[in-house]
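What follows is a structure written as structure tokens; I'll ask about it next.
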Amino acid sequence: MKSAEIREKFLKFFESKGHQIVASSSLVPHDDPTLLFTNAGMNQFKDVFLGFDKRPYSRATTSQKCVRAGGKHNDLENVGYTARHHTFFEMLGNFSFGDYFKHDAITYAWELLTEEFGLPKDKLWVTVYADDDEAYDIWTKEIGVPAERVIRIGDNKGARYASDNFWMMGDTGPCGPCTEIFYDHGPEIWGGPPGSPDEDGDRYIEIWNNVFMQFNRDEAGVMHPLPRPSVDTGMGLERVSAVLQHVHSNYEIDLFQTLIRAAARETGCADLDSPSLKVIADHIRACSFLIADGVIPGNEGRGYVLRRIIRRAIRHGYKLGSRAAFFHRLVPDLVTEMGPAYPELKAGQARVADVLKQEEERFFATIENGMAILETELAAMATAGSRTFNGETAFKLHDTYGFPLDLTADVCRERDVTVDAAAFDAAMARQKEQARAAGKFRMAMNLEYEGPETKFHGYERLEERGTVLALYKDGAPVVELQEGDIGVVVLDNTPFYAESGGQVGDRGELRGSAGIFEVEDTQKIQAAVYGHHGVVKTGRLAVGQELGARVDGEARASTQRNHSVTHLMHKALREVLGAHVQQKGSQVDPDKTRFDFAHTAPLSPEEIREVEDLVNAEILANVATEARVMSIDDAQKSGAMMLFGEKYGDEVRVLAIGSSKELCGGTHVARTGDIGLFKIVSEGGVAAGVRRIEAVTGANALRYAQEQERRVQGISALLKVQPDEVAERIAGILDNVRALEKELARMKSRLAASQGDELVAQAVEVRGAKVLAAMLEGADVATLRETLDKLKDKLKSAVIVLAAVADGRVSLIAGVTSDLTAKLKAGELVNMVAQQVGGKGGGRPDMAQAGGTDPAHLPAALASVKAWAEARL
């Protein structure tokens with residue numbers, strides 16, 4: 001039975017039971033900001049279940065398009081390497097909105113599976129929530145499923161209702177028990193029944209889940225019976241198709257085989273079992289349906305997820321040898337397969353192909369260079385024996401060559417390498433901060449204005465009255481702004497400082513008799529024309545109105561503290577590090593100061609402390625700040641510091657604060673004591689020869705110090721020592737750790753030797769050579785290597801594969817003694833085993849390594865080594 005027939009039969013069956021066939025909703029959730037993509041059949045009925053929406057039917061059935069490739073539900077990294085992970089899938093479902101309940105839902109499911117689909121009853125197993133006696137009795141007494149095949153699933157670790165068989169929409173709201181139906185693939189496949197220690201195997205596969213919403217959970221965790229219980233069910237079309245078509249992997253069903261053959265045609269790959277073909281076949285579905293539903297590739301949100309999926313598919317095509325756009329040519333094959341069920345896909349076919357082609361061509365323009373960098377880094381790592389890919393390099397690939405992190409991680413995973421995600425995130429955060437600072441309210445020079453200049457009074461006062469000279473909305477001049485309008489106001493007089501010299505623009509309020517305007521930022525439209533950017537909170541504003549302008553005094557004061565301390569810090573850095581220190585950039589806002597400066601080496605803790613001491617000494621001196629306007633020549637003669645490359649006018653403003661004297665047009669404290677306290681919170685490099693310091697002042701510095709004190713006190717409490725003894729105690733602990741690590745290494749070496757002796761007896765003779773494939777409990781890669789070397793010495797002429805499992809990942813190592821490498825290659829052997837456990841690997845003829853993500857298949861993979869070796873000896 002083909003997938004299309006299964007879909008049709010499911011919908012028609014429930015239609016015959018009084019259900020309304022409802023079209024799939026869009027993959028972009030409607031009015032639900034909590035969801036990135038539609039990921040379940042019940043999403044479109046969420047408000048119906050919550051009682052916020054009413055439908056003209058009380059029973060419904062759907063085949064819902066779903067995507068899981070971002071956020072909490074993210075299957076992307078597993079796609080192509082397991083039998084059942086997909087980015088796009090179809091969820092068949094039937095729903096009851098206060099109509100039928102457990103009896104009918106269970107009866108319908110059993111009738112469809114056993115009578116309509118013809119599944120053998122003895123192949124079906126069932127789970128129910130441990131306390132759901134009603135469902136248990138229906139299954140055992142009415143349906144007649146033997147009690148040994150109906151399994152009660154309890155709460156995880158005793159936490160009430162924390163069970164795989166109890167569904168909750170959230171911490172509060174509708175919830176209830178569920179019953180799941182499993183298909184038994186037979187004893188030839190490893191795995192145990194649900195609830196057993198081996199339940200993660202592939203023998204018993206869940207095909208249908210029936211959720212019974214019968215309670216409403218309140219904030220106290222109390223369950224209240226719902227007056228009209230409901231039913232929400234879901235059955236993956238791909239999973240049930242695999243069962244009905246008598247195949248074990250979803251990728252073997254007719255729907256996927258069509259797309260896999262199409263991908264093979266376009267890439268020239270002859271191996272239809274290639275994981276890369278599976279990736280491409282899966283991803284063309286997700287990408288095409290997302291584009292058809294209005295998502296376009298971008299750099300954030302849904303668009304970024306789409307771009308990641310497209311580029312992952314392209315990378316796998318590149319891996320198979322494609323060097324030009326190929327992915328978009330699969331769209332007609334997909335439309336032929338799925339267009340009849342989803343007319344929106346057929347209607348959008350041309351647009352889908354066009355969007356994919358453009359994205360492909362854009363990425364193919366850079367992928368060659370990006371892959372070269374990636375391969376060079378991996379080769380260098382292999383030489384050095386490193387297993388962690390540099391996060392900065394991963395970010396360069398992302399930023400320069402368009403390689404999303406998960407694409408780089410995907411390539412690394414194939415080599416059993418992990419990416420330093422923390423370093424990547426740090427690089428990303430730095431770039432975002434730079435972009436935010438550079439692009440915030442960029443309205444300068446892009447608004448057309450002809451009129452008087454703005455007179456700035458913000459050095460003397462925070463309040464001023466001014467007349468509206470111009471108004472802008474959506475970048476165009478207007479005569480008035482209405483309540484709720486976002487726009488820009490130009491005044492003839494203002495106390496608001498416009499962003500300049502690294503200091504952010506002021507925020508505050510413009511108030512008139514007819515309306516109030518909240519100023520969110522202030523920027524210069526022209527050199528002496530100030531634009532107040534914000535929103536009309538109440539009433540209206542019109543050109544010619546007189547307004548009272550008031551700056552947010554607290555924000556201005558915080559900004560002034562941070563700006564003034566930046567001058568003092570600059571001076572202190574030159575004293576501590578040398579006269580070569582020059583400002584390369586700054587960003588001053590109410591929260592902190594960020595200062596970039598020329599220097600080649602990281603600051604030592606002692607240098608940071610010295611800078612802090614110098615600045616805080618200036619603060620304690622409480623010296624008055626003096627600002628004077630003078631000619632540029634007089635400023636130079638006075639010794640005022642000027643920034644290299646900066647253009648100055650004939651007249652400049654010179655700020656003297658403490659021992660610092662610089663040209664500056666910003667706002668500052670009246671006395672150094674107003675700064676209160678200065679603390680450096682971070683120091684690091686941002687470019688070759690450029691360092692960055694971030695610092696806080698005043699109340700923010702006090703809060704920072706208090707937080708550090710709290711942390712030290714917490715650590716001292718954990719260590720049961722006084723705060724001033726923490727460092728000594730940690731040093732002692734580290735000494736113990738190092739000693740234990742050395743002892744562990746010695747024990748592992750002894751373990752390898754002892755295991756090697758035990759494993760020798762397990763080797764079997766095949767045509768004059770010894771063949772051994774075994775798993776070592778608790779071993780790491782180093783132990784596997786050491787054990788392999790010892791076994792090769794002991795067995796003399798041998799073919800060996802050793803494996804270990806840790807944190808759900810498989811590590812493999814293969815070895816072939818030198819007398820056999822003409823016939824057998826360790827790289828080919830380890831790759832054969834790795835492919836069976838969801839991985840890939842390679843290496844030298846005599847020794848090779850690999851990794852995998854599917855430990856469930858490891859026993860069978862190891863068992864295949866003997867036959868592989870026998871065929872080649």
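Using the three backbone atoms N, Cα and C, a Cβ is placed for every residue, glycine included.
So Swiss-Prot has the following annotated:
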BINDING   His563, His567, Cys664, His668  Zn(2+) binding site
Where does His567 (Zn(2+) binding site) sit by DSSP, helix, strand or coil?
helix
How many other Cβ atoms sit within 10 Å of the Cβ of His563 (Zn(2+) binding site)?
27
At 10 angstroms around each C-beta, which of the binding-site residues His567, His668 has the fewest other C-beta atoms nearby?
His668
Where does Cys664 (Zn(2+) binding site) sit by DSSP, helix, strand or coil?
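Coil, per DSSP.
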Tally every other Cβ atom lying within 10 Å of the Cβ atom of Cys664 (Zn(2+) binding site).
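Its Cβ shell of radius 10 Å holds 25 other Cβ atoms.
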Suppose the Zn(2+) site is His563, His567, Cys664, His668. Which further residues of the same chain have a Cβ inside 8 angstroms of that site's Cβ centroid?
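Apart from the listed residues, the neighbours are Gln503, Gln560, Ser564, Thr566, Leu655, Ile657, Glu662, Gly666, Thr667.
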